[in-house]
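Report on the structure given below.
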Amino acid sequence: MRKIVLAVTALLLVALDQLSKFFVVKYIRLGTIVEFIPNLVSLTYLRNTGAAFSILENQQWLFTVITFIVLGVAFYYLIKQMQTQNFWLLASLLLIISGGLGNFIDRLRLGYVVDMIHLDFVDFAIFNVADSYLSVGVALLIIALWKEEKNGN
């Protein structure tokens with residue numbers, strides 16, 4: 001049952017990411033800024049051919065290799081830890097897998113990643129839902145591993 005819940009959750013997360021990108025591409029012109037939540041969040045449709053902060057632009061082969069490695073390692077640990085009672089560890093791996101798949105789908109389908117979320121209150125890169133999954137997933141993974149080590153596991 002746990003496998004089904006995790007698989008369905010991952011599919012829903014990837015679907016949410018892809019749906020958000022679909023709406024941005026359909027309804028916002030490239031480079032246009034649309035106020036979403038005033039003074040908090042704007043939507044800006046960008047095509048990112050690089051990684052976070054557009055580093056390593058146009059290196060699709062590199063991102064493909066890195067994505068396969070990261071997804072493979074995350075899947076391996078998710079399967080290995082499937083019976084664990086550590087919710088945070090499973091959640092972190094699920095978010096990392098979902099975020100990686102969301103951006104990987106873009107790279108395969110479009111040749112770039114659709115970014116759109118712009119935080120108006122801070123000078124920060126424009127990102128997408130999958131990037132959020134990855135960031136939160138990595139943060140949760142660090143916390144989960146730190147707690148495991150602290151508990152002597």
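Any Cβ shown, glycine's included, is placed from N, Cα and C.
As recorded in Swiss-Prot:
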type	residues	note
ACT_SITE	ASP115	active site
ACT_SITE	ASP131	active site
TRANSMEM	59-79	transmembrane segment
TRANSMEM	85-105	transmembrane segment
TRANSMEM	126-146	transmembrane segment
Lowest local Cβ density among ASP115, ASP131, which the record lists as active-site residues, within 10 Å: ASP131
Nearest-integer angstrom distance between the alpha carbons (Cα) of ASP131 (active site) and ASP115 (active site): 9
